[in-house]
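These notes concern the structure reproduced below.
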Amino acid sequence: INDGLTKENSELNIEHIDDKNERTCLNNCNNHGICQHGICICQPSYTGSDCSIAQCTDLCSGHGVIEHGQCRCQEGWHGAECQLSFNQCEISNCNNRGSCIAGKCICQNGYQGKFCEQVSCQNVNCSDHGICLEGKCRCFHGYTNDDCSLLIHSQCDNRCSEHGQYVDYPKPMCICDNNWTGDDCAELKCKIDCGMHGKCSANDKNKCQCDDGWTGETCGKRICSELCKQCDDNGTCLCPNGYAGRYCQIGL
């Protein structure tokens, strides 16, 4: 313990901390160099303050430069590696579903997508004698050709009535005209909605045949119990004054 009268030698060591090593570099040198003291030291094939410019002509097929890890192509070239001229497509035959024009695939009817790789019914014309499914016309019975334009059978060979069209795909069936139903489209649909508790009368398409316990023009009213003199549309008894119970059988 120093008494304040005696001199003592003391030494203070100050360590200089250089924080430059903690500095980051622009864009992390784009993974084409290492960061030292906030400065990018680029790999031999790259240059620029963030090592984003490629010097090697083998990259980008010699028709572009690397920027931020991707090729930026010169005018007249395209593709991930700038390997395609203006008139070339990335898939030269467009998957045999289109033609390469000015570097783009122009797809045939029934196909779409950058390389015509997707099936589509857009712009597919089935001549009103078929329906398009999965990019192709499925012709009605008696018609053929890519667009169903050729008649191959007599109309008397049709399996449907005059109110429907026969198709073989996805299964043999009749597609009925509006207001017609049945396997052969020979049954006229009911002209009124009979709801959940009735069906169209076989003798009169303007009337409903109601299920047991239901009545009304559209079979929407419950029939009152025989013990009820009056009930609502749900079949619940409406009791007169002085009576209660399910069938108004309890005197008050």
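Just so you know, glycine gets a Cβ as well, placed from its N, Cα and C.
Sequence-distant contacts of CYS35 (disulfide bond), defined by Cβ-Cβ distance under 8 angstroms and a gap of at least six in the same chain, are ARG23, THR24, CYS25, ASN28, CYS29, ILE41. As annotated by TrEMBL, disulfide bond applies to CYS25-CYS35 (among others).
Around CYS51 (disulfide bond), a 10 Å sphere centred on its CB holds 25 further CB atoms from the protein chains shown. For the recorded site, CYS51 (disulfide bond), the DSSP three-state label reads coil. Positions annotated as disulfide bond by TrEMBL: CYS42-CYS51 (among others).
Look at TrEMBL and you will find CYS107-CYS116 (among others) tagged as disulfide bond. The Cβ neighbour count for CYS116 (disulfide bond), using a 10 Å radius over every protein chain in view, is 24.
Residues annotated as disulfide bond in TrEMBL: CYS176-CYS185 (among others). For the recorded site, CYS176 (disulfide bond), the DSSP three-state label reads strand.
Residues or ranges marked as domain 'EGF-like' in TrEMBL: 21-52 (among others). Proximity of distant same-chain residues to the domain 'EGF-like' (21-52), defined by a Cβ-Cβ separation under 8 Å and at least 6 residues beyond the stretch ends, is recorded for 59, 66-69.
With DSSP classes pooled into helix, strand and coil, the tally for the domain 'EGF-like' (85-117) is 3 helix, 11 strand, 19 coil. Residues or ranges marked as domain 'EGF-like' in TrEMBL: 85-117 (among others).
According to TrEMBL, the domain 'EGF-like' annotation covers 152-186 (among others).
CYS42 (disulfide bond) falls within a strand when secondary structure is assigned with DSSP. Take the Cα of CYS42 (disulfide bond) and measure to each of the disulfide-bonded residues CYS107, CYS116, CYS176, CYS185: the nearest one is CYS116. For the pair formed by CYS176 (disulfide bond) and CYS107 (disulfide bond), distance between Cα atoms is given as 33 Å, rounded to the nearest Å. Look at CYS185 (disulfide bond): DSSP puts it in coil.
In this structure the alpha carbons, written CA, of CYS116 (disulfide bond) and CYS51 (disulfide bond) are 38 Å apart.
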